[in-house]
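Trainee: Right, I'll just put the structure down here and ask away after.
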Amino acid sequence: MSSQRLDDELEQIRRYEDFTTIDWIHDSMLERNRRLKDAKELANLRREPRGRITLSRLWRHVRRAINAGQSWFVVSLVGVCIGINAAIISIVTEWLSDMKMGYCSDGWWLNQQFCCWEMEGDEVDGCESWRPWTTVSFARWIIFVSIAAIFAFVASHLVRNLAKYAAGSGISEIKCILAGFIMQGYLGFATFFIKSITLPLVIASGLSVGKEGPSVHVACCIGSLVAGLFNKFSRSQSKMREIITAASAAGVAVAFGSPIGGVLFSIEEMSHSFSIRTMWRSFFCALMATFTLAAMNPFRTGKLVLFQITYDRDWHFFEIIFFVILGIFGGLYGAFVIKFNLQVAAFRRKYLAQHGVAEAVTLATLTALIGYWNRFLRLDMTESMAILFRECEGGGNVYNLCQSSAQWRISFSLLFATVIRIGLVVISYGSKVPAGIFVPSMAIGASFGRMVGIVVKALYMSNHQSGIFKFCTPDVPCITPGTYAFLGAAAALSGVMRITVTVVVIMFELTGALTYILPTMIVLLVTKAVGDFLGTNGIADEMIRFNGFPFLEKEDHAYNVTVSKVMRRDLHTVSDTGMCVKDVEALLASTDVKGFPVVSADGCRKFLGFIDRTEIRYVLERVRSSADIHRSTPCIFTPLEADADSIDMESRSSFGDGEELQGNLLNSTLSEHGITFSSWVNRIPMTVSPQLPLEIVMQLFKRMGPRVILVEDHGLLVGLVTVKDVLRFIATEKPDHGPSWDERGGLDGLLEEAWTWASTAAYRTASWSRRLLRR
């Protein structure tokens, strides 16, 4: 029996099951053993006589060099694959989106932009090469709606039948995966392939969803698939987590053309724990992805995204008033969408769980029916933002956005688009198709911001000699409506995702200028303040809570309780002596816990150690396959008396020759006294006192990542606690917490509080005035 084969058996028996959590401490111990094995091989290499060049020595040097550079090679390969995939998705999405309106007579594979490449501006109705399906308005409307419904049907049908995990955004689930939650197949090839195919179809159908969130999921799938080809990553959960984190950064980088913003997004939003090494790999992966995307140049403009712009005009301090309005809108928008989208999700789970295809087709049809008659709803959201972000000078007067005679009609159209798209986002996000919320939120903020910018510009044009506008320089455009659209997009994105620094950097990389960094920071700080006041979390965190995933938030809370109030007291344990094979098998059959504390057999419950369920099964199977044992054979769990600094991990680290290891295993587990599990008992599991505050236990879970923490009181086992126990306690007890947004009655409750406060203040003021007059 070879050492590699035995390694594979150990990995197979320790493989994490679906919907379980990774024990990061145990994973770190396995990684430590591998490093010790490599160090031992290197020491043997150095002990060979100097000057003698042998084939084995040369191969070890080569293998050492390969191992040293393998991580960076994998990161580079992942980044290149993500960039290629993003370019293909962008090209196909643009082509499918234009198919709803017509086709190119010069080549069916060309979208409207490339078909009418020689035309200037964005209104290319006069392009002879582009042929609409029909010239009859009603027929064009019917064709537009029908093609949108067909795209939604194909996408939802493929997702339902071939890859159910391809639905949704994926950011919430990936956050849980990075925290240690196992979802078999979520990052598999089927999910990657189906999501890559259906994502352009969904965006082209016109549904009010985006591709940026799903792009992160697709990028993480690529990272997992590529890294899984190498044993160094497939056998180490911690190293795989580094690659997936780096891939998530690259996914945001190619979605927004923002490599630094992608790295910050992986730090601020995705990663549960972040190291400097992971940051560098995330940066390198994002760099390789954006470089590949730029080399492929999918839009043939030299830009990474359609709405890359440059603002070189300065802003004025009086505009801060209107920037604050945009920030307030972002906070209110985030709270509104999160609250009502969760209610829609609950309705969908209860009534529409088996009707995902019909729901997607209905939503696409409804969106197309409404959006066709509004130019800002009919356009692709990315293309719409590219228009709304523009300055009026230099060809920015598209759809009469800069015409003073049409300013109020355009403002009403933008307001209508904002309100309608908010409603569509609320009911569309979470449907059974690939669906993100980044770009829809940015499009909503851009339309609202452009409307505010047009109104401010109108006020300036009618009152440019008075009031706050007297600070404007004559003969120079004072108000730039495109910047208001830009700031509104940042506010809406920050409001729904509850991220700040990442949005600032992404917007900075999109504009390429430092001029509007300060306004962006002001807007996002106001958005964050409004969100904090309303007590809302990001939509990704709310979806994690809605789905019941075992995920602890990064923020600390003061619960003022000890772990004894949270711990589980009814435990399944094994005695160090007095049990036989029949008892152990009955315990395994009657429970589904992942491990068992080892206690003394004298009834005092003296805590002796911890053993995993998988290792008990492994030992029993190995012994049964090589020796004849009876159901009455004793099982001994007495741990070895070894010093903690020199723990004997030989039997668990696959050192040495395979036959020697197999012999050591059999000798250490099967003896005349029965089956001994001593080598497999962990004598130093993570234990805490029952008087320890709950906050510290939560920090242990978040920073060290154990699957279970045992509670020990003066050497006696009194309970254990898991992440699910903590989450269950928080959800049911909510100790010492201020009332949440929902508990305060939502927006109605807030208005009622404000009215009560105002009424009370007015009554007290009137009473005080009457008393003063009497005197």
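Cβ coordinates are placed from backbone N, Cα and C, and glycine is handled just like the others.
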Trainee: Can you identify, from 184-205, 514-535, the stretch that TrEMBL calls transmembrane segment?
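Mentor: Checked against TrEMBL: transmembrane segment maps to 514-535.
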Trainee: When only pairs 6 or more apart in sequence are counted, do the transmembrane segment (279-299) and the transmembrane segment (410-431) reach 3 or more Cβ pairs under 8 Å?
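Mentor: Contact between the transmembrane segment (279-299) and the transmembrane segment (410-431): absent.
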Trainee: Between the transmembrane segment (243-267) and the transmembrane segment (410-431), are there three or more C-beta pairs closer than 8 Å, counting only pairs 6 or more apart along the chain?
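Mentor: Judged by the Cβ rule, the two regions do not touch, with the required three close pairs absent.
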Trainee: So if I exclude everything within five residues of the ends of the transmembrane segment (320-340), which remaining residues of that chain have a CB under 8 angstroms from its CBs? That is, six or more out.
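Mentor: Tertiary neighbours of the transmembrane segment (320-340) are 422, 425-426, 429, 437, 441, 444-445, 448-449, 452, 456, 484, 487-488, 490-498, 519, 522-531, 533-534, 536-539, 542, 741-742, 746-747.
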Trainee: Is it possible to list how many residues within the domain 'CBS' (681-740) are helical, extended or coil according to DSSP?
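Mentor: Going by DSSP assignments, the domain 'CBS' (681-740) contains 22 helix, 15 strand, 23 coil.
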Trainee: Any residues 6+ beyond the ends of the transmembrane segment (514-535) with a Cβ under 8 Å from its own?
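Mentor: Residues 311-315, 319-320, 323-324, 326-328, 330-332, 334-335, 483, 486-487, 490-491, 494-495, 498, 500, 503-504, 507-508, 738-741, 744, 750.
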Trainee: So, taking each listed stretch (72-92, 352-373, 410-431) in turn and counting its Cβ pairs to the transmembrane segment (138-155) that are under 8 angstroms, which one gives the highest count?
Mentor: 352-373
Trainee: State the non-local partners of the transmembrane segment (410-431) in its own chain: residues 6+ outside its ends, Cβ under 8 Å from one of its Cβ atoms.
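Mentor: Here the qualifying positions are 156, 167-169, 207-209, 333, 336-337, 340-341, 344-345, 348, 356, 359-360, 363, 366-367, 370-371, 374-377, 399-401, 403, 437, 440-441, 443-444, 447-448, 450-451, 454-455, 539, 543.
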